[in-house]
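Feature list (source: TrEMBL):
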type	residues	note
REGION	64-86	region 'Disordered'
TRANSMEM	103-123	transmembrane segment
TRANSMEM	135-155	transmembrane segment
TRANSMEM	175-196	transmembrane segment
TRANSMEM	202-220	transmembrane segment
TRANSMEM	227-245	transmembrane segment
TRANSMEM	257-276	transmembrane segment
TRANSMEM	296-317	transmembrane segment
TRANSMEM	355-375	transmembrane segment
TRANSMEM	382-405	transmembrane segment
TRANSMEM	411-431	transmembrane segment
Amino acid sequence: MTSYYRRLTVGPTVLNIPVQPPTKSKLPVFPPRRPYNNIIQSSFGIALRSRKCWRVEATVRSAGRSEGGDGTKKAGPGQGPGPCSYSVEDRTVEVDSKRDRTVAVAVAVAVTVVLGVGNRVLYKLALVPLKHYPFFLAQLATFGYVLVYFSVMYLRYHAGIVTDEMLSMPKAPYLVIGLLEALAAATGMAAGAILSGASIPILSQTFLVWQILLSTIFLGRRYRVNQLLGCFLVTVGVVITVASGSSSGHSLKEAGIFWSLMMIVSFLLQAADTVLKEVIFLDAEKRLKGGSVDLFVVNSYGSAFQALFICLLLPFLSKLWGIPFSQLPNYLKDGAACFLNMGGTLSTGCDGAPLLPLLFIIVNMGFNIALLHLLKISSAVVSSLASTFSVPISVYIFTLPLPYLGVASSLPAGFVAGAIILVMGLLIYAWSPSDSSSAIPSPSS
């Protein structure tokens, strides 16, 4: 008795049908019990049994993939799935990846907001013992970051997290980052010495506007209408929250247009700094073939160049703080004595040091790292919105009885209305329509 054995592979590829010539079967092939063919279904395929045994296997694969042998043609990039093929695998992976990324961004936003609130509150507390030495606190943070960042990068390098390819990336962008941050600090200090405290948060909302414009120009971003509307509502909400019940409008008129423009230029430089960091992350994906540069590489080199330019600008910066450059060494010495709170006449009125200044530096460092991480996995605009959201929360925290601050401040009259508008703006910005074809391209895309 003879039998025939043929194999049919049904999928997105061309049929490959090896035919085995008739051979004598050592085992008898029993005929079916019924006059018609049995159809047996299993998880491996469909087997049809008859006197001439035909074996048909149906495989389910994603489109464009083939596991055939010689002579099997792979589906081209534009070719759809075959009659028995379903492109389910890639779609499932894509959905899972998008969901994981959304969760990661949400967690990063929450951490950034919490650290942003702590950063603002602790800065106010740190200035209680160092109320006469704010310039010393700024320089301590600037040069302390260089030491900490490079130490962490050294440890991560020996752990294999930071690679030689990351360290060999061009240093020119880091130099520009340091220059932008130093100039932003200089212009911000100059304008901040003239403007009132209530007017600065209002002018700081131009930071978000600059980021949208710069990301559109240099990154080719295209924003949906709901995203632009959300950013606008966030800005309006912050202005209402901070400026309600204050004389910020009057103080802006008294300060003059020049110093207001100087502060706006400071926020322009800060926005350019964040967009440039986003460009560095995008460029690293190309240079490292899908990889990404470590956060501490960017922070370390950026802080080092910032400290370099701060040193060059020290005569100008010390004058802005009302400190003659010839007296700067004595000022820094007295500031260090107050920071260490060693006792004596120099440390009089320095209660809370060094604990409060150290807490501020640690939280500020964590805030900068969280902000850069959020920028890396999302965009500069999203990181700016997260930072902005911490403003009304900080305003509310200052109404609580905090230690060292004395009498708590009162809640602004328009706080609730401004907070509601701000939250509405964030929700509108985060809302994605069903057809997300016009969504902003993410840095990871």
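Counting begins at 1 with the first residue displayed.
Even glycines carry a Cβ here, placed using N, Cα and C.
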Cβ under 8 Å to the transmembrane segment (382-405), counting only same-chain residues 6 or more beyond its ends: which ones?
105, 108-109, 112-113, 116-117, 119-121, 124-125, 128, 201, 205, 207-208, 211, 231, 234-235, 237-238, 241-242, 271, 274, 351-352, 356, 371-372, 374-375, 411-412, 415, 418-419, 422, 426, 429
Give the one range among 103-123, 257-276, 296-317, 355-375, 411-431 whose Cβ atoms make the most pairs under 8 Å with those of the transmembrane segment (175-196).
257-276
At a Cβ cut-off of 8 Å, and with pairs 6 or more apart in sequence only, do we get at least 3 pairs between the transmembrane segment (227-245) and the transmembrane segment (411-431), yes or no?
yes
Could you give the residue numbers and ranges of same-chain residues that sit at least 6 residues beyond the transmembrane segment (296-317) on either side and whose C-beta is under 8 angstroms from one of its C-beta atoms?
135, 139, 142-143, 145-146, 149-150, 152-153, 156, 162, 166-167, 169, 171, 174-175, 177-179, 181-183, 185-186, 189, 277, 280-281, 325, 328, 368-369, 372
Is the number of Cβ-Cβ pairs under 8 Å between the transmembrane segment (202-220) and the transmembrane segment (257-276) three or more, considering only pairs separated by 6 or more positions?
yes
List, by number or range, the same-chain residues at least 6 past the transmembrane segment (103-123) whose CB is under 8 A from its CB atoms?
356, 359-360, 363-364, 366-367, 370-371, 373-374, 377-378, 382-383, 386-387, 389-391, 393-394, 397-398, 402
Counting only residues 6 or more past its boundaries, what in the same chain has a CB within less than 8 Å of a CB in the transmembrane segment (257-276)?
173, 176-177, 180-181, 183-184, 187-188, 190-192, 194-195, 199-200, 203-204, 206-207, 210-211, 214-215, 218-219, 375, 380, 383-384
Excluding the flanking five residues on each side, which residues at least 6 beyond the ends of the transmembrane segment (411-431) place their CB within less than 8 Å of a CB in that stretch?
226-227, 229-246, 385, 388-389, 392, 395-396, 399
